[in-house]
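So that you can see what the record holds, here are the features copied from TrEMBL:
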COMPBIAS  374-385  compositional bias 'Acidic residues'
DOMAIN    11-151  domain 'EamA'
DOMAIN    189-325  domain 'EamA'
REGION    340-385  region 'Disordered'
TRANSMEM  12-33  transmembrane segment
TRANSMEM  39-61  transmembrane segment
TRANSMEM  73-94  transmembrane segment
TRANSMEM  106-124  transmembrane segment
TRANSMEM  136-154  transmembrane segment
TRANSMEM  187-206  transmembrane segment
TRANSMEM  218-238  transmembrane segment
TRANSMEM  250-270  transmembrane segment
TRANSMEM  282-303  transmembrane segment
TRANSMEM  309-327  transmembrane segment
Amino acid sequence: MFAKMGGTAKAYAAVVLIRLMYSGMHVMSKVALDQGMNPLVFVFYRHTTAALVLIPITFLFERRKAKPVTFKIGWKMFIHALYGVTACGVLFNLGLNYASATSSSALYNVQPVVTFILAVIFGMETLKLTRFHGKVKFAGILFCIAGVTVLAFYEGPMFRSFNHHHLFQNGSSSQSGAEETHSKKQWVLGIFLMTLSNVLAGLWTVLQGPLIEDTSKLMNTTLQISCASVQAFLVAVATERDFSKWKLGWNIGLVAIIYSGIIVTALSYYMQMWTIAKRGPVFLAMSMPLTFVFTIVISSFIIGDAVSLGSVFAGVLLVGGLYNVFWGKSIEERDDLTKISAAGGGGNKPGLELPQQQQQQQSKAGQEAPGQVPDDDDDDPEAKV
């Protein structure tokens with residue numbers, strides 16, 4: 001059925017599945033942590049599971065065409081994995097241990113905005129506050145800051161689940177307006193740690209460009225996940241000496257590890273690369289709010305997680321900030337195209353006649369193959385892997 005879909009339908013189906021995968025990760029990770037799994041041990045098992053899946057896949061598909069990995073490239077991968085995978089995962093799970101699955105999925109929308117801010121700092125993007133698109137982008141940044149603040153310090157009324165038959169009875173449904181003072185401090189700490197995790201993830205995204213040129217995307221991911229597995233082991237051993245906490249049983253902890261390592265890290269990675277190749281990174285990033293919506297539904301009806309008005313309001317602000325930045329970016333690109341078109345109408349330079357030449361070439365191609373329909377998968381070699 002999926003194979004018979006058109007390219008656009010496949011892309012929309014892919015982003016929905018990707019967001020469902022991440023929503024499941026937020027919920028199952030929270031349940032596993034609530035049932036006593038050490039957050040740092042969980043990070044180690046997750047990265048190790050992902051590495052065990054990715055290493056044979058990479059060997060199978062990359063052993064003949066991959067560029068040789070030098071010591072310099074390996075060292076780069078190790079450093080980027082240290083802050084962008086290991087530290088990011090540790091901070092996220094520590095924060096999730098203190099907060100809720102809904103809050104973690106809401107903060108997920110901060111990541112593209114943080115990436116934009118860091119890209120401006122590194123000179124990869126522009127933020128012209130004197131122009132309308134610059135004001136729109138800046139408003140988006142302010143919305144995100146307000147969203148994080150509301151999520152951390154305002155709770156409001158709680159919306160209880162209508163479903164009283166929960167799959168897991170000891171999830172995070174114990175939140176209430178009568179939280180103790182130290183619990184509120186832990187909640188704020190959790191929001192801070194998860195926000196910092198998103199900042200590191202944004203930094204990792206910005207600095208990935210040169211690394212992708214050094215190796216293939218699959219090799220890049222496999223090397224960094226493998227390095228992160230070793231790093232996470234050292235961190236977990238240093239902090240958790242009680243090895244009874246390392247034992248895995250037939251419970252939600254094992255399911256969360258396998259799900260996060262195989263479904264989220266391995267399968268979702270390929271689907272994200274496929275979606276970016278087909279529709280671009282903005283299309284994928286625009287679907288991020290779906291994770292927030294899906295997580296609310298899943299956590300409410302499966303584990304009975306009560307959703308606070310503050311979390312919903314903060315989520316709206318964060319999503320609004322995300323779309324504001326995208327809107328400002330689209331206005332900026334449209335203005336740039338308008339300037340190019342205006343410049344093209346005022347002269348006869350050959351370089352400005354390119355659109356007309358392309359139109360003529362497309363017309364000739366259409367005459368040579370009038371019945372040919374382009375295959376949506378032919379222009380993406382990775383989709384055939």
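Every residue, even glycine, has its Cβ placed from backbone N, Cα and C.
Keep in mind that TrEMBL annotations are predicted by a computer and have not been checked by a curator.
Taking pairs at least six residues apart, the transmembrane segment (73-94) and the transmembrane segment (187-206) share three or more Cβ pairs below 8 Å and count as touching. Long-range contacts of the transmembrane segment (250-270) within the same chain, counting only residues at least 6 positions beyond its ends with a Cβ under 8 Å from a Cβ of the stretch, are 18, 21-22, 24-25, 28-29, 31-32, 35, 37, 42, 45-50, 52-54, 57, 168, 221, 225, 382. Among the recorded stretches 106-124, 187-206, 282-303, 309-327, the one sharing the largest number of Cβ pairs closer than 8 Å with the transmembrane segment (12-33) is 282-303. The transmembrane segment (218-238) and the transmembrane segment (39-61) are in contact, since at least 3 Cβ pairs between them lie under 8 Å (pairs 6 or more apart in sequence). Averaged across the domain 'EamA' (11-151), pLDDT in this predicted model comes to 89.
Of the candidate ranges 39-61, 282-303, 309-327, 309-327 has the most C-beta pairs within less than 8 angstroms of the transmembrane segment (136-154). For the domain 'EamA' (11-151), DSSP puts the residue distribution at 115 helix, 0 strand, 26 coil.
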